[in-house]
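Here's the structure we're looking at; comments come further down.
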Amino acid sequence: MTRQMILAVGQQGPIARAETREQVVVRLLYMLTKAASRGANFIVFPELAFTTFFPRWHFTDEAELDSFYETEMPGPVVRPLFEKAAELGIGFNLGYAELVVEGGVKRRFNTSILVDKPGKIVGKYRKIHLPGHKEYEAYRPFQHLEKRYFEPGDLGFPVYDVDAAKMGMFICNDRRWPEAWRVMGLRGAEIICGGYNTPTHNPPVPQHDHLTSFHHLLSMQAGSYQNGAWSAAAGKVGMEENCMLLGHSCIVAPTGEIVALTTTLEDEVITAAVCLDRCRELREHIFNFKQHRQPQHYGLIAEL
């Protein structure tokens with residue numbers, strides 16, 4: 001018997017800086033319910049799904065900065081999303097800004113979680129490949145201060161059993177790094193999912209702007225194919241606080257084929273029928289890691 005499921009992506013349109021978490025959760029609940037009505041077993045939501053993409057601003061007030069982070073998950077405002085997921089029997093992946101205090105020291109991470117059908121958190125990932133810069137740069141029309149507001153993740157690239165599937169996570173820039181995909185592929189991930197907030201304009205290299213969508217889809221398709229895994233990417237998209245964010249949220253098959261793609265720059269749900277056993281086609285006949293890999297020649301990747 002093949003293992004079948006319906007996988008969904010819940011793309012978010014812009015979130016205004018003034019928009020409250022309560023308002024955002026209502027939007028997420030609508031997409032969760034819509035996905036479940038289409039028979040989805042699991043839905044992927046974007047990076048930093050509860051707020052606007054705040055690293056585009058330079059904050060000097062720590063209290064204002066802290067207001068964008070979650071200190072518990074789920075907190076009272078977010079809990080209805082978990083309760084509705086349990087009621088509908090649909091799992092989800094979702095990103096948020098995490099603030100923890102350890103030894104009296106604040107630690108901030110760009111975090112993603114996996115939630116199963118009963119509404120329980122079964123996996124956590126903290127973004128490792130942080131893009132952007134740490135100090136204010138006046139020439140930019142908007143900042144990209146992830147290196148200032150987050151520290152690199154400390155959980156590696158784990159793979160979790162979520163209901164019937166083995167799942168791993170990326171967050172935004174991670175999808176561009178083949179090392180992230182390969183670690184999860186070696187750990188047997190059948191679905192690799194995550195969210196992104198990707199500006200269509202990159203101030204340091206504006207000559208690449210016309211390639212933004214191409215590079216996004218190239219990363220997703222190559223990562224899926226080279227690791228024999230399904231993948232799903234959920235974007236926060238459209239004109240958000242004078243910054244245009246890339247659309248093209250997608251679901252990709254282990255063959256590298258795009259099987260679902262958003263067409264709008266607003267809240268949108270896409271779904272695809274997923275056969276998890278198709279991962280074996282690639283892993284047994286093309287990318288058979290045990291049979292063909294030669295790790296003794298790859299040492300330089302980890303040394304430099």
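Note: Cβ is positioned from N, Cα and C throughout, glycine not excepted.
Features reported for this protein in Swiss-Prot:
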| type | residues | note |
| --- | --- | --- |
| ACT_SITE | Glu47 | active site |
| ACT_SITE | Lys127 | active site |
| ACT_SITE | Cys172 | active site |
| DOMAIN | 5-276 | domain 'CN hydrolase' |
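Spacing of Cys172 (active site) relative to Glu47 (active site) is 7 Å (Cα to Cα, whole number). Following the DSSP three-state reduction, the secondary structure of Cys172 (active site) is helix. Cβ environment of Lys127 (active site): Glu47, Phe109, Asn110, Thr111, Ser112, Glu146, Phe150, Pro152, Gly153, Ile171, Cys172, Asn173, Asp174 lie under 8 Å away, each six or more residues apart in the same chain.
In the shown protein chains, 28 other C-beta atoms lie within 10 A of the C-beta of Glu47 (active site). Counting every protein chain shown, the number of other Cβ atoms lying within 10 Å of the Cβ of Cys172 (active site) is 27.
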